[in-house]
Amino acid sequence: AQLLHRLSRSSKMPWSMASFHVVRVRASWTALLALSHFIYLLAGATIFRILEREAENYNRNHFLMEKLNFLANYTCLDGDALEYFVKVILYAKKNGVNPSGNSTNPSNWDFSSSFFFASTVITTIGYGNLSPSTVSGQVFCVFYAFCGIPLNLAFFKQLGKCFTIHLGRLEKGLVSVVPHKAVAASLFFIAGTFLFLVIPPLLFSYVEGWTYGEGFYFAFITLSTIGFGDYVVGTNPGKTYIYLYRSVAGIWIIFGLAWLALIFNMAASIMEHVLDQTYPSLRKQREAENMPSSEIEATSKI
């Protein structure tokens, strides 16, 4: 009986050792990614602080000086009245009303603008410059996003498959000319860059009065779903826009997001490939991490 008990314990040891090995591999690979992620965040925070802190202090001091000059020039106003007026302006800005201009400013909720807003909801861009102000609008926005975001992800997934299929066809068409997949991927990247990131800023610069750099910045921040809201198309009260301008921008966002998401996935795959070539042990770790439990058990039995 003792011999059978020892044999049964010894037969379980390979499985236990294999499980322990997989857990250790998962922990090491996860720790490496977490450490890299944290270091990247620290580097970004440090650089942004260096680049933006001085400008923030200047803008703050400039605003305070402008307030003091305004009170000095208009002695009929006191500080409390000015602060109240500033709060009114901020409240208007928060609710999507541009404080500059007059009542003839274009509506934020005509069909074109509403279509643009709906596209920013389901794509999770969320510029922050416009949001529902009524309770019914906020409730509907929650349910609309709850149903629309999964639908949008499914659409992006299918659109990514279509892009991949066309990329494969492009590879087959070019294999007789230049037998290298990198050429097809490069052409796909270049064509998409011109279509979604190079040409649209030219249009935005012309319509919005931005510089090309500002238009390119808006395009990338939008298509990467960062969406700060510092630049948004169709919001200048001094401009007269074509009725479907923002609707067309919404369609550009949807297809541009799908293209850029595929580019990001390709970039991640390239990074993994480079790491595999540089550090072969990392590839073995990921393979062990992704190995199903049935294969681990079979391997341990062998």
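The backbone N, Cα and C atoms fix where each Cβ goes, glycine too.
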Key: transmembrane segment range according to TrEMBL, out of 91-110, 111-130   = 111-130
Query = For the domain 'Potassium channel' (103-163), what are the DSSP-based totals of helix, strand and coil residues?
reply = 41 helix, 0 strand, 20 coil
Task = Report the mean pLDDT of the predicted model across the domain 'Potassium channel' (187-272), rounded to a whole number.
result = 90
Remark   = Other same-chain positions with a Cβ less than 8 Å from the transmembrane segment (182-203) and lying at least 6 residues past its termini are 163, 167, 170-171, 174, 210, 212, 215-216, 218-220, 223, 252, 255-256, 259-260, 263, 266
Note = Lying 6 or more residues past either end of the transmembrane segment (245-271) yet within Cβ distance under 8 Å of it, the residues of that chain are 111-113, 115-116, 118-120, 123, 125, 152, 155-156, 159-160, 163-164, 185, 189, 192, 195-197, 200, 207, 219, 222-225, 233-234
